[in-house]
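S.K.: Mind looking over this structure? Questions follow.
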Amino acid sequence: MAGKRTFTMIKPDAFGAGNSGAILKMIEEAGFKIVALKATQLTAELAGKFYEVHKERPFYADLCKYMSSGPIIAAILEKDNAVEDFRKLIGATDPSKAEDGTIRKIFAKSIEANAVHGSDSDENAAIEGNFYFSQFERVL
Ligand code: RTP
Ligand code: MG
């Protein structure tokens with residue numbers, strides 16, 4: 001059965017542009033409950049750890065630099081079929097390929113500065129949520 005939780009980050013481009021509130025509003029209006037939330041900033045080292053699965057990819061160094069370049073918002077979201085439905089809501093990685101009405105289509109600046117992150121599996125959603133939040137920092 002598909003899981004009920006996913007993990008997201010509002011990336012430095014969207015945070016810096018003052019779009020965090022509008023993005024969280026879209027997320028809630030799409031039926032997701034915010035069950036953990038914080039503003040924070042990654043060091044390059046922590047970004048490297050978070051994106052370790054991509055360490056062989058050509059964009060890895062740039063991505064770590066970018067993700068540690070400014071504040072972000074991290075959140076755990078709850079909804080039936082959360083991972084898949086959230087990836088539909090955010091749209092394709094490359095905003096020029098994202099469907100109209102998706103968060104990336106509306107807010108992303110480029111394939112790297114693409115406004116939001118969304119977990120790609122139930123397993124990674126749990127790992128990523130645990131990376132940022134203790135048991136006391138989330139709704140049980
Ligand atoms: P995310 O993990 O952030 O939700 O994005 P995604 O699944 O749609 O894309 P993924 O392949 O996991 O890539 C992670 C992030 O790396 C940056 N990226 N840059 N320059 C490039 O060609 C490139 N490709 C990916 C993006 O910030 C992407 O979201
Ligand atoms: Mg990904």
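Positions of Cβ are set from backbone N, Cα and C atoms, glycine also.
What TrEMBL says about a protein is an automatic prediction, not a curated fact.
What you see is a predicted model, and the numbers here were worked out from it, not measured in a lab.
Pulled from TrEMBL, these are the listed features:
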type: ACT_SITE; residues: H117; note: active site, pros-phosphohistidine intermediate
type: BINDING; residues: K11, F59, R87, T93, R104, N114; note: ATP binding site
type: DOMAIN; residues: 5-140; note: domain 'Nucleoside diphosphate kinase-like'
S.K.: Return only the integer: C-alpha distance in Å from R104 (ATP binding site) to H117 (active site, pros-phosphohistidine intermediate).
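M.R.: That separation, Cα to Cα, works out to 10 Å.
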S.K.: Can you give the largest Cα to Cα distance in Å, as a whole number, for the residues K11, F59, R87, T93, R104, N114 that bind ATP in the record?
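M.R.: Result: 21 Å between the two most distant Cα atoms.
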S.K.: Within a 10 Å radius around the Cβ, which one of these binding-site residues has the most neighbouring Cβ atoms: K11, R87?
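M.R.: Ranked by Cβ atoms within 10 Å, first place goes to K11.
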S.K.: Near T93 (ATP binding site), which residues of its chain come within a Cβ-Cβ distance under 8 Å, counting only those 6 or more away in sequence?
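M.R.: The list for T93 (ATP binding site) reads R104, I111, N114, given in order along the sequence.
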S.K.: For H117 (active site, pros-phosphohistidine intermediate), write down the residues of its own chain that are at least 6 apart in sequence and whose Cβ falls under 8 Å from its Cβ; none is a fine answer.
M.R.: F7, T8, M9, K11
S.K.: Which three-state DSSP class does N114 (ATP binding site) fall into?
M.R.: coil
S.K.: Return the count of C-beta atoms lying within 10 angstroms of the C-beta of R104 (ATP binding site), excluding that atom itself.
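M.R.: I get 24 for this one.
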S.K.: Which number gives the other C-beta atoms within 10 angstroms of the C-beta of N114 (ATP binding site), all protein chains shown included?
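M.R.: Excluding its own Cβ, the number within 10 Å is 22.
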S.K.: What average pLDDT does the predicted model assign to the domain 'Nucleoside diphosphate kinase-like' (5-140)?
M.R.: 98
